[in-house]
Each structure stands twice: as C-alpha cells, then as structure tokens.
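Under the heading ATP binding site, Swiss-Prot lists Phe14, Ser15, Gly16, Gly17, Gln18, Asp19, Ser20, Ala21, Thr22, Cys23, Leu24, citing sequence analysis as support. Annotated Zn(2+) binding site per Swiss-Prot: Cys202, Cys217, Cys220, Cys223, in sequence order, evidence recorded as sequence analysis.
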Amino acid sequence: MTEASSDHTALVLFSGGQDSATCLAWALSRFARVEMIGFDYGQRHAVELDCRAKLLDGFRAISPEWAAKLGDSHTLAIPTLSAISDTALTRDVEIAMGADGLPNTFVPGRNLIFLTFAAALAYRRGIADIVGGMCETDYSGYPDCRDDTIRALQNAISLGMARDVKLHTPLMWRDKAATWQLAQDLGGSALVDLIVEHSHTCYLGERGARHDWGYGCGECPACALRAKGWREYSAKAR
C-alpha cells in the first residue's frame, strides 16, 4: 500500500458496499479532499449504487471535517462489461464454482477496467491518488484483487499516462473482521452502524432480509464473508 499524503485529493472507488465505505473513511482521514467514483456495469446488485447517497449523508453527519472534505461523486456507465461477461454478477444464474476454481461471480477484468477508468478521470481532474477496496486476505480468489496485480497496474497506468499514479489498497492485508475493526477505529460505532444499515454487499441485490451485519440474502459468498467477519469482529469487541 502506497503512503497517503494529507495535502492531496484522492479518488475513491465507491460502490456503496462495506469495503468501499470503509475505504472512503480511510481516505477522508488522510487526504485534504476526496472525490468518489462508482460504476454501473449491469450488475445484478445495482442497488449498491443507490446506497451511496445515504452513506454520504451519514458520513457528513458523523464528522463536519469529513463533510468539508467530500467532493464530487461520479458515476460511469460501462454496459459493455456486462455485454462481454457471462457471470453470476451480470446474469440471472445460480452462483457456483467454475472449472477453473474461481466462482462464477468473477467478472474478468472488472477491477482492471474500473481502475483504468478511474485513472482516466483522475488524470482529467488533476488527481494522482486512487483508493480501492481490493483485498487478497479474505476474498473469493479473484486474481484482479491480488496485490501483485494492483502493483503491476499502477506501474502500467503511470507509464501510460506519463504521470505518477498511486493506487492505495488499505484493505489488501485485512480480513473482514479487521475491516469492521478499521471502520470502528476510523469513525467509531457511528460509522459501523452506518455501514451495517446502509451499505450493500449481497451479490443477489437482496435488501429485504435484515441481519445483525446488515441486509442480504445471507447465503451468497459476499454475504457469507461479511457475516463471518462481523461475528469475529463482534466476538473481539465484547
């Protein structure tokens, strides 16, 4: 993870999920100004994008300092990603493991595309620091979440844009329990409660069932990881 600078602006990949909300808090605690970018790529759980507004309202309520730092929130439509992908995140099919050992929720190239588009927007807006919630500690095995992938992409983007671009991944070596703890450390119980209530993780887009860790089907891999992390975090917090 590249060191952050307190006098710079950062662009955070902000989907409306637990990880991106935690990364937003991390960026707000380290940068002078923070902008956000989300992607509409035809995902089944597009409800996550709708969660961003309430999350941002919550961030403003938690801290006047955070409120003053929050900048523009951008949304980019990438329908082509859904058109070329045949996955459980972009099709109404059952979630299962593929023959290659990866779950069929893996959207090939998704994070590579997200970060490249984010870097293009950041270039136009004079931003050199980009923050993403990629993690290879407690994850589904996606190869584009690995640290070596992110470091290689950082080098490629910096070379291709002739500018020193920094990709920050504050969750890379944290499991989900540690991610919950980081939210607690950054924003106290108010931030944890905000993430529980208004962030979205469930791959199926389920918002009807409320659990102690938030909303979701409770069965998909994303819900399972979030629930497991919550149980471990809660046990340590007692």
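A Cβ is built for glycine as well, from the same backbone N, Cα and C atoms used for every other residue.
Annotated features, which come from Swiss-Prot, shown on the structure.
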| residue | record | DSSP (3 states) |
| --- | --- | --- |
| Phe14 | ATP binding site | coil |
| Ser20 | ATP binding site | helix |
| Cys202 | Zn(2+) binding site | coil |
| Cys217 | Zn(2+) binding site | coil |
| Cys223 | Zn(2+) binding site | helix |
* Cys202, Cys217, Cys220, Cys223 excluded, remaining Cβ within 8 Å of their centroid (Zn(2+)) -> Thr201, Tyr203, Leu204, Glu206, Gly216, Gly218, Glu219, Pro221, Ala222, Ala224
* Of the binding-site residues Phe14, Gly16, Leu24, which sits closest to Cys223 (Zn(2+) binding site) by Cα distance? -> Gly16
* To do: Quick one: of the binding-site residues Phe14, Gly16, Gln18, Leu24, which has its CA closest to the CA of Cys220 (Zn(2+) binding site)?
  => Gln18
* Enumerate same-chain residues with a sequence separation of six or more from Gln18 (ATP binding site) and a Cβ-Cβ distance below 8 A; give 'none' if the list is empty. => Thr179, Ile195, Ser199, Thr201, Gly214, Arg226
* Environment of Phe14, Ser15, Gly16, Gly17, Gln18, Asp19, Ser20, Ala21, Thr22, Cys23, Leu24, the listed ATP site - residues of the same chain whose CB lies within 8 A of the CB centroid -> Val12, Leu13, Leu55, Gly133, Ser199
* **Spatial neighbours of Phe14 (ATP binding site) that are distant in sequence (at least 6 apart) but have CB under 8 A** => Ser20, Ala21, Cys23, Leu24, Met36, Ile37, Gly38, Arg52, Ser73
* What number of additional C-beta atoms lies within 10 angstroms of the C-beta atom of Leu24 (ATP binding site)? -> 26
* Structure fact -> Listed in sequence order, the residues of the same chain lying six or more positions from Thr22 (ATP binding site) whose CB sits under 8 Å from its CB are Gly133, Pro170, Leu171, Thr179, Leu182, Ala183, Leu186, Ile195
* Fill in the CA-CA distance, Gly16 (ATP binding site) to Cys202 (Zn(2+) binding site), as an integer in Å. => 11
